[in-house]
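> Sharing a structure, written as structure tokens. Questions coming.
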Amino acid sequence: MWIPSKLTRPGRLHNAIVRPRVLELLQQAPYYKLVLFRSPAGYGKTTMAAQWLADKTNVGWYSIDDSDNDGFRFINYLLQALNKATNGNCNNAQKLAEKRQFSSLRSLFSDVFAEMVDFHQECYVVLDDYHVINNEEVHEAMRFFLKHMPDNLTLVVTSRANPPLGTANLRVRDLMIEIGNEMLAFDTEETTRFFNQRVADGIDEDTANNLRNYVEGWPSALQLIALQAQHQKRTLAQSAESVSQFNHAHLWDYLVEEVFDLLDADTRKFLMQVSVLDHFNDELVYALTQREDALGMIESLNRYGLFIYPLEGEQNWFRFHNLFGEFLSHERQARIPQQEQELNRNAAIAWLKQKSPHQAIRHAQKAYDGELVAEILNEFGWKMFNQGELSTLESAINLLEKDLLFSNPKLTMLRAWLAQSQHRYNQVGTLLAEAENEHKKRNIDLDIQYQGQANALLAQVAINSNDPEKALELAELALSQLDSTVYRSRIVATSVVGEVNHVIGRLDRALPMMQQTEKLARQYQVYHQALWAILQQSEILIAQGYVQAAFELQDSAFRLIEEQQLQHVPLHEFLLRVRAQVLWCWNRLDEAEECAYKGLQILENHAPSKHLHSYSMLARIAIGRGELDRAGKFIEHIQHLMKQSTYHVDWTANASLSLILYWQAKGKLNAIQEWLDTAVRPENACNHFCQLQWRNIARAHINLGQYDQARQALNFLQSEAEKANLVTDRNRNLIIEAIFAVHQKDENQAKVLLKEALQLTNQTGMVGNFLIDGATIGTLLEKLTNRHELGDLERHRALQLMKDISSNQRSRSVHFDEEFVEKLVTHPNVPELVRTSPLTQREWQVLGLIYSGFSNEQIAQELDVAGTTIKTHIRNLYQKLNIANRKEAVTTAENLLQLMGY
């Protein structure tokens, strides 16, 4: 799929004159981020860059054309060039790019820089003809690339226009060398050497100066003048006279009169035919022109100096100088317009022989040959789909006439899959219905395999739209229709059957279906679907109470991601999300927090609405640590996102838990009541997310003292959990029931419920749900352990919980939130120094973190401020409290906590 000539730098530079004044300026290039060659066409930007880098070993060259505005193609070529420059140090990132397994160009570049950390040699990457890029996503990514790339790498850009790469900032910071047309234009000395090298009679200084002034040092025009002198046997003085009125607007006329008309008709025809190709080798040219002497013609033209650049490599790839290529295109369309379609059609066929359907489609479209486009899509469409050429495919399909599109069921199915793969689920049904109707009009019978593929696709759409009954019906119908050879659709249908059974609480049926999905997906190397199946299995095992088994299964998902370079796909965030939820329930908050932040990084280039789960987890972690100020910031994010978007109950239930826990900790009963007034009440609770939503409702009623409604919700929860054998949810529900019993002043019942919950926790390991209500159940746990009412395992678990609850309460106190500080400064026994020299809220926070053992750097990270700011806060609080050092600060904090009864 990739064109070798785009990654090879121009060769055969022996005819180019050495330009010491430019090379001298470039000696300092390793100390700069960017070297920019910027000038109009024909000033020798590419030649100068190639000459300068000719003796450099670590160079990657990328020749850009307009097809590279596709971000996927651009990043692939760029990484191949970078890999060449770094001796293969970016292989993993290149594989990610080739498989389109990255969430954003920024995240992919982060991986690139991580891979380059051990490569310390001076290296260069050239982006030749960057001016053709008009894709803002590419520009933004390259600005990020420039900002963060390692110091041993220098980016070299040739462009006709000023590229939007933050060059003004680089210029001000002296991080860029700019070679403009003033520098690239020949001076008189260079003009003299240039002509002396090409013209037998040489040139005098006055004539050189006159010629140089006529064309303002424009190298391409000087080259044309030299050609004119050689072929018309004129002196350079005579040539100077003929170009005295030369300007850019007259370039075509000048080239016709002084170069093109001097060629024989056969050569002119050959050049015009070949100019339909942006890049070419002898095989392409032979397929296009049917000339067996294609390579000989190319080489003779190169020797003739007709702006054909030989490129490095064994494939004998060439390209025209951009200016000359544009000129030839102009002549071709003016002189042989009747051949334009045939030439482009032949070019398309030639590119197909090179196994490059992307280029073939482009030429077939230029030939206005819809039938050929359809043939290419029929033959290569699914291959291109699997390789991530989605935008090219969709553009090609959309440009097909209706008769061509709807005469090919394979293409209409591909069109629907393109919509589904780009998350436009609401369009899939419409597209398939339109296709079926149009096929009927044309008397095209859709075989049962087509119907099976359509039903599998519609089943996926139905489950995405929260319609499990319809999804199950369609998926089972699809499986009855599809042959085993139609593996993609069978995998999707099998997955949907498993997911539906998961949603409706038939876990014993859901698990084997997801295991079968994983097996099929691995067998046919559909790794995204394999990862999805593993994640579904993990959630099912968690619901069944086999949390450790789920955790180990997640490890296999991480291995699959590593093996298949899936680090940047959204499903990676799903895995991190489920892992974070397990870690939170096991009270491994630091690891859960790390997973949440990694998830945000993966989704950085996706809509903010996708960040809800991560913020929900971060808020819950902060609440668990007693960091209510920090939790408040996450809560604001959550509330904003929930107002802006519509979410599945799985998402809203998780977010609502964090909201209610925060309001519970802050005593905001009005907020809880407002939430309860509008809360979704699912008809059943046969899966983990509906269970969570009903627990949220029960918790809200308990906080508000609405005990009858709380009792009803709890009875419904346990009934549904037992019917679906949701062991882990039964575990969580028992804890909520115990809290309800405490509020009802029924201590004996609360202890019975806690004892049962502890027994289930031996299987699930769920301790986080105890800890969030530690203040309520801590005393009961102590009584259970003191009276020897528990078995050995349960007693050990209860003792550990009591220790964690005590630690959490201490953690809350040492963070010195506003409520704690207000009570402290109004305490009758508080030292006078504290009362008369009040600390700011931030200084109290710093004191608490010092007491917790945080270093200055850790405090800065915790509060998200600069280290110098923390030093200022510490200096201020030391002065106000008459403290000499950190040890005294810890003692002071300890005394204040003891004063408050901690």
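In case you wondered, yes, glycine gets a Cβ from its N, Cα and C as well.
Residues or ranges marked as DNA-binding region in Swiss-Prot (evidence: sequence analysis): 856-875. According to Swiss-Prot, the ATP binding site annotation covers Ser39, Pro40, Ala41, Gly42, Tyr43, Gly44, Lys45, Thr46. For 832-897, the entry in Swiss-Prot reads domain 'HTH luxR-type', with the evidence type sequence analysis.
Would you situate these features in the structure and describe their surroundings?
Across the DNA-binding region (856-875), the prediction's mean pLDDT works out to 82.
Listed in sequence order, Asn181, Leu184, Ala185, Trp218, Pro219, Ser220 are the same-chain residues six or more apart from Tyr43 (ATP binding site) with CB atoms under 8 A from its CB.
When DSSP labels each residue, the domain 'HTH luxR-type' (832-897) comes out as 50 helix, 0 strand, 16 coil, counted as helix, strand and coil in that order.
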> How many neighbouring Cβ atoms, not counting its own, are there within 10 Å of the Cβ of Ser39 (ATP binding site)?
22
> If you count Cβ atoms within 10 Å of the Cβ of Ala41 (ATP binding site), leaving out that atom itself, what do you get?
17
> Taking only same-chain residues 6+ apart in sequence, whose CB is under 8 Å from that of Gly44 (ATP binding site), what do you get?
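Those within reach of Gly44 (ATP binding site), by Cβ under 8 Å and sequence separation of 6 or more, are Ala16, Leu184, Pro219, Ser220.
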> For Gly44 (ATP binding site), which DSSP three-state class applies?
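DSSP assigns Gly44 (ATP binding site) to coil.
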> Let's check the environment of Thr46 (ATP binding site): how many other CB atoms sit within 10 Å of its CB?
20
> Should Ser39 (ATP binding site) be counted as helix, strand, or coil on the basis of DSSP?
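Going by the DSSP assignment, Ser39 (ATP binding site) belongs to neither helix nor strand, so it counts as coil.
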> How many neighbouring Cβ atoms, not counting its own, are there within 10 Å of the Cβ of Lys45 (ATP binding site)?
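A 10 Å sphere around the Cβ of Lys45 (ATP binding site) contains 28 other Cβ atoms.
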> Including all protein chains shown, what's the count of other C-beta atoms within 10 A of the C-beta of Gly42 (ATP binding site)?
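Counting Cβ neighbours of Gly42 (ATP binding site) within 10 Å gives 24.
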